[in-house]
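Here is what Swiss-Prot records for this protein:
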- Trp51, Tyr144, Lys272, Gly306, Arg390: substrate binding site (BINDING)
- Gly111, Ser112, Asp243, Pro307, Thr308: pyridoxal 5'-phosphate binding site (BINDING)
- Lys272: N6-(pyridoxal phosphate)lysine (MOD_RES)
Amino acid sequence: MENPSLRELDHRNIWHPYAAPGVRNRLVTKTDGVFLTLEDGSTVIDAMSSWWSAIHGHGHPRLKAAAQKQIDTMSHVMFGGLTHEPAIKLTHKLLNLTGNSFDHVFYSDSGSVSVEVAIKMALQASKGQGHPERTKLLTWRSGYHGDTFTAMSVCDPENGMHSLWKGTLPEQIFAPAPPVRGSSPQAISEYLRSMELLIDETVSAIIIEPIVQGAGGMRFHDVALIEGVATLCKKHDRFLIVDEIATGFGRTGELFATLSNGLQPDIMCVGKALTGGFMSFAATLCTDKVAQLISTPNGGGALMHGPTFMANPLACAVSHASLEIIETGMWQKQVKRIEAELIAGLSPLQHLPGVADVRVLGAIGVIEMEQNVNVEEATQAALDHGVWIRPFGRLLYVMPPYITTSEQCAQICTALHAAVKGK
């Protein structure tokens, strides 16, 4: 038998995200800065930050140094009954970075699991309040919170990617998709009034993606809407869960979409950029109020969750280094510049046939088409211009690393022009 190529082995045996078995994939041999090196030796700009995570670029020397130092000491140890310095130092830095808006941190392996933990927190805290009937979540349509079961239940049940599981997932309560950015105060007020009518005796918490709905459609909305949702939670004594897995750590131009706008959630999920895209890791932060309610007998007495790799020392050390880079504040100028360059580079596409909308926020650029995108054709058109993108549905979009230069940003815009035009 001939020795099959790596790509052939991949094609034969490895399952990739959101795909059937046997899909052909491009082979990456190296990453460095904003670049991916492909099997043929060509380099392309990773305009996706490898699914929105590699905000400092790939192989940042501070992250690599932190990882190597930690590997030499302790790469993993169980967190049940034990603790370690990397987790303690990271927690201190993470809480400081949030302006000490939270008091407790639960670490997990991925963003989806951090959402599962957040929902557990809210449901247990409701029981601790003496409200065992509060077993549901209220959210809005066009949302996405992950692919594990309870996280799927708060994704859009019809237009999202999990409609297959209708009837199996826990049933939650859904408001319509939120008004988009630039909506009138009247439209926002009317929306909030209709949302308030859905807060019945079964609702424990409202969970939302603030400012940007990610994989549910890359939809932007206004701060006033988030303020209104927070007000509803306070008025009705319900918990507010914010999923900042995509928006956290500067992606929108604010460090956090909620906290930076003076809003105080009860529970917040972060992930993706937490390690600077170095490895999978996430965290769920909560206030002392939530923690104390969970600690009551009615609340269960303890949070019943414990991943094997919870607070992995290697991930904690790399995350600490990533947050140190964030603390320098360089990201603010970088994201502001990228935003201006994406606006200038993508706005001309607004008037092309087939383009429904062009929108930019921070280091996020979105082109919404009138019809579904031919993913392979659009991807190849961008690759022909030296840029890696990953379209879905009707969307061509980019979330480049913050270190992307002006020249590279211009190249990304050129590639998106080609992807829209199909050449």
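Cβ atoms here come from the backbone N, Cα and C positions, even for glycine.
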Inset, instruction - Have a look around Arg390 (substrate binding site) and count the other CB atoms within 10 A of its CB, chains all included. - result: 18
Inset, instruction - For Ser112 (pyridoxal 5'-phosphate binding site) and Trp51 (substrate binding site), determine the Cα separation and express it in whole Å. - result: 14
Inset, instruction - Run through the Cβ atoms and count how many others sit within 10 Å of the one on Ser112 (pyridoxal 5'-phosphate binding site). - result: 21
Inset, instruction - Going by Cα-Cα distance, pick out whichever of the binding-site residues Gly111, Asp243, Pro307, Thr308 is nearest to Lys272 (substrate binding site). - result: Gly111
Legend entry - Long-range Cβ environment of Gly306 (substrate binding site), under 8 Å and at least 6 residues apart: Phe79, Gly80
Legend entry - Taking residues Trp51, Tyr144, Lys272, Gly306, Arg390, which bind substrate in the record, the widest Cα spacing (Å, whole number): 33
Legend entry - Residue among binding-site residues Trp51, Tyr144, Arg390 with Cα closest to the Cα of Asp243 (pyridoxal 5'-phosphate binding site): Tyr144
